[in-house]
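Quick notes on the structure that follows.
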Amino acid sequence: QRYVADIGKSWPVLIVCGALLPLFLSVIWLLMIRYFVAAMTWITVVLFNALIVSVTMFCYIKAGWLGNDPLTVVIGESDPYVHISGREISHLHVATVLMTVIMIIAFLSSIAIVRRILIATPVLKVAAKVIGEVQALIVFPVVPYFILAIFYMFWFSATLHLFSSGQVVRNDCSTDCCSYDLKLGKVNCDNCCGYSIHYTPHIGIAILFHLFGCYWATQFFMACSATVVAGSVASYYWARGEISHDIPFFSVVSSLKRLMRYNLGSAAIGSLVVSAVEWVRFILECLRRKLKLVGSAGESCFGKVSSSSSQCCRGCIDWTLMSVNRNAYIMIAITGKGFFKASVLATGLIMNNILRIGKVNVIGDVILFLGKLCVSLFCALFAFLMLDTHKYKSAHNKISSPLVPVLVTWGLGYTVAKLFFAVVEMSIDTIILSFCQDAEEHQGTAQYAPPLLMETLDEQGELQRLTQGP
């Protein structure tokens, strides 16, 4: 209840730092990678490490380990519910230790990928050139952003109606108990047995379907956005960059028309497959946790190893499915085939050109992942600073802990950044798969590739020929 109350009190922070700020930062990042692509890879790595260090130091300060500014909680020292203070400080200590570990890992990883960044830079340059020529790609993510925002508003409203449609029943309690009353601001021991909501089976099924539909709709909108971007970039590649420059929105509009007329069903099936697998994985995880609780007393080392291995395997399967799904949308945009045929084609191209794709694509994804983390971390840090002001430390706006609003802000910022950075991700993947498809159709020599891309991927092709032997 306190955490929900904190989110309700800090809603201006969520709007500014979770919606508007990541939108602004993502557009700025796309513009900068358009004009300063060679430097943006290094800027992203340095900025990411600087933000990680800043957030970690801020956690140290708020935890009271540096300076004299520990976390202030809503409950005063004279209140009998004062143990909240210790709990919140413990949570912040855990977050501080976790951020320290992440900071060390991030710093070591940045050192490890320095040499690899030089390999991915030419492909990023080609993707930046495509974004610069097809200028609508910079502003196109605003469309799914607002569509998802409107959808989530209606979905949240329906969620409130569904969860409030059960029968409120007072709990049967014969023992004395106390609970904290948010309205009175103190501990109340009267009628504290509370109430619970009982749902009929039909309402329970409706709630599950509603949650599943939210994930499916989100994946569907993202699939449509990915297909439109892939179609625009593929048009640019196969036209040798000779699309109409007088109408910079032409290729995006054409790709959108193709999606609406031919590929909408493929996007729906692909998003349904991902949603179904994720839902099954979620159910299995819940069952695993319940079985673990039941047999926790006699669990052996072999059981623990088996449980950890199964989790790792499920994670690998999930990652593979998401990767194949994304590449399938690219092949849908390139070839116009259905989802399952496009998945087979994408998998075949990736397996046949694994060395050619691997080093370039992985490093490109790492750089873009760091960029998304930079946007979300900056939003989280700015939210932390806003919540540290006098407004949220006094009167009725006083919050019990900044951790939950900051985590929600970080999640919203990462989601918004993911929508915008998907343009560059899909551009890189589309260019590489188009290059591989071009080489397949022309006996191993791509005919439509830009010179810079040809030079970069030919080196990978030479490495592939050397490893395969005569």
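Note: Cβ is positioned from N, Cα and C throughout, glycine not excepted.
Fair warning: this is a prediction, and the values are worked out from it, not measured in the lab.
Here the transmembrane segment (12-32) has Cβ contacts under 8 Å with residues 40, 43, 131, 138-139, 141-142, 145, 149, 371, 374-376, 378-380, 382-383, 386-387, 405, 408-409, 411-414, 416-417, 419-421, 423-424 of the same chain, all six or more residues outside its ends. Per TrEMBL, the feature transmembrane segment maps to 12-32 (among others).
If you look up TrEMBL, you'll see 39-63 (among others) marked as transmembrane segment. Taking Cβ pairs closer than 8 Å, the transmembrane segment (39-63) reaches residues 29, 32-33, 69-71, 89, 92-93, 95-96, 99-100, 102-103, 106-107, 110, 113-114, 117, 120-121, 124, 367, 370-371, 373-374, 377-378, 380-381, 384, 388, 402 in its own chain, all 6 or more past its ends.
Among the features that TrEMBL reports, transmembrane segment is placed at 92-114 (among others).
Residues annotated as transmembrane segment in TrEMBL: 134-155 (among others).
Per TrEMBL, transmembrane segment is recorded for 220-239 (among others).
Look at TrEMBL and you will find 260-284 (among others) tagged as transmembrane segment.
Residues or ranges marked as transmembrane segment in TrEMBL: 328-350 (among others).
Per TrEMBL, transmembrane segment is recorded for 362-387 (among others). Panel annotation: around the transmembrane segment (362-387), residues 10, 13-14, 16-18, 21-22, 25-26, 29, 41, 44-45, 47-48, 51-52, 54-55, 58, 62, 113, 116-117, 119-120, 123-124, 399, 402, 405-407, 409-414, 416-418, 421, 424-425, 428 of the same chain, lying at least six beyond its termini, place a Cβ under 8 Å from a Cβ of the stretch.
Here the transmembrane segment (407-424) has long-range neighbours at 7, 13-14, 17-19, 21-23, 25-27, 29-30, 33, 124, 127, 131, 137-138, 140-141, 144-145, 148, 222, 225-226, 229, 368, 371-373, 375-380, 383, meaning same-chain residues at least 6 beyond its ends whose C-beta is under 8 angstroms from one of its own. The transmembrane segment annotation in TrEMBL covers 407-424 (among others).
The list of residues near the transmembrane segment (220-239) in space but at least 6 beyond its ends in sequence, with Cβ under 8 angstroms from a Cβ of it, reads 127, 130, 133-134, 136-137, 140-141, 143-144, 147-148, 151, 251-252, 254-256, 258-259, 263-264, 266-268, 270-271, 325-326, 329-330, 332-334, 419, 422-423, 426-427, 429-431, 434-435, 438, 448-449.
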